[in-house]
Amino acid sequence: MAGNRSNDIKVHCSFCGKSQDEVKKIIAGNNVFICNECVALSQEIIKEELAEEVLSDLTEVPKPKELLDILNQYVIGQERAKRALSVAVYNHYKRISFTESRDDDDVDLQKSNILMIGPTGSGKTFLAQTLAKSLNVPFAIADATSLTEAGYVGEDVENILLKLIQAADYNVERAERGIIYVDEIDKIAKKGENVSITRDVSGEGVQQALLKIIEGTVASVPPQGGRKHPNQEMIQIDTKNILFIVGGAFDGIEEIVKQRLGEKIIGFGQNSRKIDDNASYMQEIIAEDIQKFGLIPEFIGRLPVVAALEQLNTEDLIRILTEPRNALVKQYQALLSYDGVELEFEKSALEAIAGRAIERKTGARGLRSIIEETMLDIMFEVPSQEEVTKVRITKEAVEGQSKPILEIA
């Protein structure tokens, strides 16, 4: 029964006591009645409690050193980048907590989004994922190359926000404190430093579209994704507290840095210093270099924190294979241990795996596929061979010259 007005019996709300004549509607349950005003009040209380839970979570953000310790458990190398990210992420969530807990407007803390520059397989995506996981905030990944500006065939930038909302189980309040990682940002650089009259579909126009949501706006997001249509119901989300981390390889930017520093050497030789390799040049990147590469000044201005990641060497890749909590070698050892089999990788085998990843220019990202190639036959055959107690992976096995060594009880 809903809104039923009987002349014989006057119904009263079980919560506030108001009669059916004093409210717009009363909803009946099993010997319980609730009016429309109490329903509205309940919804408001629930909304406030959810917001308080989010704010409470923000007050417990790990300190920069604690964040660095978490990153060190999973990410090998990239020490400068990890420190920069730890400070930036801590300051971001401290800013949200500070802003929402103060009533005065004496200080306006600006959002500091992050730009990560580094070669393929250096750990950009994994760093962002690990940070989001350690903070227990919603996380979404987008590929900049799939985005187009409004009016062209492709994916609207608002669809990035939909991915974050979905990661938050459609809890918009949680999504508004999440992290979005946009990969391949260097692929939407302008094709030249000079502004062109004609705009490329996936270049400067996409930067302009991303700029709006990165700097903070109330965006309208189609619940099912895709293009917006008239009369379509939208999800409203405020992006002012969403942390945006964008990353890319920026192949060739070290040459821009060399050119800039070279000009300084010619003009001001006594104040210059020699830089020996490309890795060191990456640590010298400034906004001017990124602009010359093709990102527009307004976009760069919204990414004040720049973290440069270095190319991983053989030693780094071996440590990645063996040291982190989720190290690939540990994972495969655990899998075979369920069959009662011990797994050992010889040092030369680890060096061969790392060497292949470097040859393929895939970095850490390519390690799993190389191990999969090496381990496929073992993972297929050994579970059925009860007499096998140990498997030893050699350099020759990695290179395909022989099979892994099996030890039998």
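Quick reminder: no glycine exception, Cβ is built from N, Cα and C everywhere.
The feature Zn(2+) binding site is assigned by Swiss-Prot to C13, C16, C35, C38. Taken from Swiss-Prot, the feature ATP binding site covers P119, T120, G121, S122, G123, K124, T125, F126, and the record attributes it to sequence analysis. The domain 'ClpX-type ZB' annotation in Swiss-Prot covers 1-54 and rests on sequence analysis.
Distribution of Swiss-Prot features across the structure.
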residue: C13; record: Zn(2+) binding site; DSSP (3 states): coil
residue: C35; record: Zn(2+) binding site; DSSP (3 states): strand
residue: P119; record: ATP binding site; DSSP (3 states): coil
residue: K124; record: ATP binding site; DSSP (3 states): helix
Neighbourhood of F126 (ATP binding site), C-beta criterion under 8 angstroms, separation at least six: Y74, V75, A364
Any further residue of that chain within 8 Å (Cβ to the Cβ centroid of P119, T120, G121, S122, G123, K124, T125, F126) of the recorded ATP site: G118, G247, L309, G363, A364, R365
C35 (Zn(2+) binding site): tally of other CB atoms within 10 A of its CB: 24
Local Cβ density at T125 (ATP binding site) - other Cβ atoms counted within 10 Å: 16
Candidate with the highest Cβ count within 10 Å, taken from the binding-site residues P119, G121, G123: G123
Candidates T120, S122: member of the binding-site residues with the richest Cβ shell (10 Å): S122
C-beta crowding around K124 (ATP binding site), within 10 angstroms: 26
Residue among binding-site residues P119, G123, T125 with Cα closest to the Cα of C35 (Zn(2+) binding site): T125
C38 (Zn(2+) binding site) and S122 (ATP binding site), Cα-Cα, nearest whole angstrom: 55
Count of other CB atoms lying within 10 Å of the CB belonging to C13 (Zn(2+) binding site): 21
Nonlocal neighbours by CB distance (under 8 Å) for C38 (Zn(2+) binding site), same chain, sequence gap 6 or more: C13, F15, C16
C16 (Zn(2+) binding site), number of other Cβ atoms within 10 Å: 13
Additional residues around Zn(2+), ordered along the sequence, whose Cβ is within 8 Å of the centroid of C13, C16, C35, C38: S14, F15, G17, K18, V23, I26, F33, I34, N36, E37, V39
